[in-house]
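Visitor: Provided herewith is a single structure, encoded as structure tokens, for subsequent inquiry.
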Amino acid sequence: MWIPYPLISLVTRLPLTLQGSCPLTIRTRTFEAASLLFGSEREAIDVFDSVKELTVATSVTQLYAFYYVPNPPYTANNGWSLYSVREEFGRMGVGSRTKAWRFTDINKDYSFSPTYPARLVVPTRISDTTLQYAVKYRSKARLPVLTYLHWANYGSITRSSQPMVGLTSNRSIQDEKLIEAIFQTHWSPESRAANIPVYGATCTNLIIDARPTTNAMANTAKGAGTENMDHYKDAKKAYLGIDHIHVMRESLARVVEALREAEVTPATPGAGDDYTLDSMVAPVLDKQALRRSGWLKHISAIMEGSLLIVRNVHVNSSHVLIHCSDGWDRTAQLSSLSLLCLDPFYRTLRGFQILVEKEWVSFGHKFLDRCGHLSSEKFFSAPVENIGTGGGAEAAQAFLASVQNRFASQNHLKETSPVFHQWLECVRQVQRQFPERFEFNERFLRQLHYHLYSCQFGTFLFNTERERRVGDSGLPPCERTVSVWDHFNSAPEASLNLNPDYDPSLDDPSNRVPKTDMGVLMPDPKDVRFWNELYGRTDEEMN
């Protein structure tokens, strides 16, 4: 059984049992557990210490991706260049189907917006000078830019961070002009004078604030906040009430806790017993505890928000601007799930990879901080003192009283959250509801979750495009590490991830007649289930 060190989340060493064996339990971030029994305490301590030593990394370059050389070499080797901004937005019709949007290289050296991609797409009417002013009004300089232009109309999805409104109710004329221009991209610049709409529809332009209303308002005290809609004409505001990263972290922790409670554990040995397979008992998974975790409720909220966006773009032919606080967690979840439903291309293997590169990797989801690759969440617990006489109950006591060595500040720990994992679970819900509409299978999503934490590839190791493409010294990381997509696109992996039920004819443009869904999926946010395969359980156990 192979366990890459970065996958280890908890190592527990229990005291010597009455019968003289010393148990060590290793738990992983892919929800597996392995128990090892040692004949002597010295051996157990030795293994415990060496695993601890090898698991804890203090710099990114110590991670496996920087040493990994595939052997034999992968047949695919274009993973790092798979996503091209010009190609992808060109595919949507930027510069051809509509002249209302343009590319800008204002961020080519990442000094304009350090956490944004180098190349951005903005309304043609807005000059780079206007952008230089507008950018100051958005948290972390993440101003509204295009992320999707709908194939069926000129509806768009843009994304940003929160505005810096503050207690003094600041406003920015440039920000207002930028958003007004975004919401008027149905008009082509040539026809502005004649005021003839290129495409007519009941416009319900939306600014989506992913946060609960109270959280959005509370941010004004920190100098940020949410848009005052008096200044944003022809648009409505919607709050989605999706909780922040700390709530999500706690929620998944409760799911993990419920799974742990139901692990196959050695029964409390009697006088003559020892830990044998016969004494293993598997308790039943507590479904109430799973429900109390709130995990499915959160998944449902993200799906509900995405459905609102999909409807507004596809049915109302309108525009949506999405933001949360910083625009790299909830915003990424909502935009990428909406794109997956709106455009069949993103449901192909290649399209899905481009979607992840675009919405998550290039737009600056903080993979390094959220995944805690640098040991922030790796716990090693050993008994406070040797309880030589202890049975199972005392061993449990010892664990509860154990010393937890954490190799990072509490602050570092607070940045971790299963944001990308949670989005994969949302994708799984849609895939389960529409089994014939995805070129890839459930295994592909599960493998992606595995490699989110395995640190074998460079794709999910950094917080920003700049860190990957420029680096701090020497060769950039994208030249020193392998892309995860080269792994997925090479044999034998490529064939293992195909969905046998996939029917591309359902999404074929020539078949897009009104009576069908026209290639746009409208998932049911109430139909959510635990992704049991991910947790290594049966559907009956979890749902």
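Any Cβ shown, glycine's included, is placed from N, Cα and C.
Summarising the annotation, TrEMBL assigns active site, phosphocysteine intermediate to CYS324. Sequence annotations record features per position, and here TrEMBL assigns substrate binding site to ASN219, THR220, ALA221, LYS222, CYS324, SER325, ASP326, GLY327, TRP328, ASP329, ARG330. The domain 'Myotubularin phosphatase' annotation in TrEMBL covers 79-535.
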Visitor: Roughly how many angstrom lie between the C-alpha atoms of ALA221 (substrate binding site) and CYS324 (active site, phosphocysteine intermediate)?
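Guide: Roughly 16 Å, rounded to the nearest whole number.
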Visitor: Average the pLDDT scores across the domain 'Myotubularin phosphatase' (79-535) and report the rounded value.
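Guide: Looking only at the domain 'Myotubularin phosphatase' (79-535), pLDDT averages out to 87.
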Visitor: Rounded to a whole angstrom, what is the C-alpha distance between ARG330 (substrate binding site) and the residue listed as 'active site, phosphocysteine intermediate'?
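Guide: Cα-Cα, rounded: 6 Å.
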Visitor: To the nearest whole angstrom, state the Cα distance for the pair CYS324 (active site, phosphocysteine intermediate) and ASN219 (substrate binding site).
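Guide: Here the two Cα atoms are 11 Å apart.
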Visitor: Once near-sequence residues are set aside, which residues in the chain of ASN219 (substrate binding site), 6 or more away, have Cβ atoms under 8 Å from its Cβ?
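Guide: Spatial neighbours, sequence-distant, of ASN219 (substrate binding site): GLN162, GLY225, THR226, SER325.
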Visitor: Looking only at ALA221, CYS324, TRP328, ARG330, the recorded positions on record, which one has the least crowded Cβ, with the fewest other Cβ atoms within 10 Å?
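Guide: Fewest other Cβ atoms within 10 Å, among the recorded positions ALA221, CYS324, TRP328, ARG330, is found for ALA221.
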Visitor: My understanding is the cutoff is Cβ-Cβ under 8 Å with a sequence separation of 6 or more in the same chain; which residues meet that for ASP326 (substrate binding site)?
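Guide: Expected: SER139, LYS140, ARG142, SER161, GLN162.
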Visitor: Please give the substrate site's span as the largest CA-CA distance among ASN219, THR220, ALA221, LYS222, CYS324, SER325, ASP326, GLY327, TRP328, ASP329, ARG330, to the nearest whole angstrom.
Guide: 21
